[in-house]
Amino acid sequence: MSASAVNVTPGRNVVVVGTQWGDEGKGKIVDWLTDHAQGVVRFQGGHNAGHTLIIGGKKTILRLIPSGIMREGVACYIGNGVVLSPEALFKEIGELEEAGLSVRERLFISEATTLILPYHIAIDQAREARRGAGKIGTTGRGIGPAYEDKVGRRALRVQDLFDARTFADRLRENLDFHNFVLTQYLGGAAVDFQATLDTMLGYADRLKPMVTDVSRRLYEENHAGRNLLFEGAQGTLLDIDHGTYPFVTSSNCVAGAAAAGAGVGPQKLDYILGITKAYCTRVGSGPFPSELYDADNPSRQDQIGITLANVGKEFGSVTGRPRRTGWLDAAALRRSIQINGVSGLCMTKLDVLDGLDEVKLCVGYKIDGEDVDLLPRGAAEVARCEPVYETFGGWKESTVGIDSWDALPANARAYLTRVQEVAGVPIDMVSTGPDRDETILLRHPFKV
């Protein structure tokens, strides 16, 4: 009997997105919310960004598998919007299984998910090397070239692995194209056909038990009354369409991508939680109006920025690269809120601001003397933005582990209240430390 026949109330779907340039602390919040979800869904990106979880003092970094895998009994889904490296997937599965977690029986992969192949990685790395000083900061893991193949309708997908002859024919055709680019344009070495074929087909039997029609399964789960959590990677300002182009990632990181990248109707997305760090960070190249510190730029060595980097442990969880740091940019945050239709914010890493004499909030910009209240769309224009700040008194008290609003220092509350006012949406959660218990809940995304 169908769910509708027995009049089951559909479950609630919550989307978690980063509102900055990634690294906002989404992993911890997804893990916290998973207490109230029966499934967690990845809908875009690949293994180029990591989610760091601290549970019981133990650090775990997940790059591809949804954070819900840390909770027994929670189903995890990799949607069609993801680009999948089987090598990275099975490495991560192995690490989790060594830690005693059950993975394969709870992980479901869309048959329409695009595969990352060795030639994607070779092209990614050769292209970035060729750019020299003009590099865009790719992780070199083949994400961008895999998405290029998807848009160019050349991509090999997970379901193609189960027809060896057709897979071989299409692989040979793809290699003819990509090896020409590698050798004749990028000056790299050709990728071997047989070695690639053997490697990829070797994953087929291991993948097959986890492959399913994810779109249908999510529909059925929702209509059976189960809550689903959609876990975004990277951040809105890295979105291929809405970010500081061309210094962006290769996928859509915004809330709307949850519908397309998992195969669910957009009206089924009930609540959008925007994750916002209490300050800003950025990895790699690209404009950053409120920047204070960049390890690679001698002109960006502000001591407060260095403090934020050190106290916040701002190093990429996958690449290890130091992150650039700066004050929270509310004008950029407003842009993200509008694009995503954010229902409420979760402010993370508030504790990193503890001990500062003053805290600044970028509320807009000056461009050629003109006032601008929203982050511009193009990188060239963003680079011309001069930040306009409001200044708040700092707080000397520690906020680490505080789990109620009233227990926060008065100046911390004043800062957060002003962020809400400028952003135009409520702060529904505040993170005061890396552990899942170090959280202030003001409104519950699954219960609003």
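Just so it is clear, glycine is given a Cβ too, placed from its N, Cα and C backbone atoms.
Secondary structure at D23 (active site, proton acceptor), as computed by DSSP, is coil. The active site, proton acceptor annotation in Swiss-Prot covers D23.
Among the features that Swiss-Prot reports, active site, proton donor is placed at H51.
Summarising the annotation, Swiss-Prot assigns GTP binding site to 22-28, 50-52, R323, 349-351, 431-433 and lists sequence analysis as the type of evidence. For L350 (GTP binding site), the same-chain residues 6+ apart in sequence whose C-beta sits under 8 angstroms from its C-beta are A278, T399, L408, A412, L416, V430, S431, T432.
What Swiss-Prot records for D23, E24, G25, K26, N48, A49, G50, H51, T139, R153, Q234, T249, R321 is IMP binding site. Note on G25 (GTP binding site): other Cβ atoms within 10 Å of its Cβ, all shown chains, come to 21.
Under the heading Mg(2+) binding site, Swiss-Prot lists D23, G50.
Neighbour density for G320 (substrate binding site): within 10 A of its CB lie 7 other CB atoms from the protein chains shown. Classification of G320 (substrate binding site) by DSSP places it in coil, neither helical nor stranded. Feature annotation from Swiss-Prot assigns substrate binding site to S317, V318, T319, G320, R321, P322, R323.
Within the same chain, residues at least 6 positions away in sequence whose Cβ sits under 8 Å from that of G22 (GTP binding site) are A49, A233, Q234, G235, L238, C253, V283. According to DSSP, T139 (IMP binding site) sits in a coil region rather than a helix or strand. Note: the Cα of T139 (IMP binding site) and the Cα of D23 (active site, proton acceptor) are spaced 14 Å from each other.
Neighbour counts of Cβ atoms within 10 Å were compared across the binding-site residues N48, T52, T139, Q234; the minimum falls on T52.
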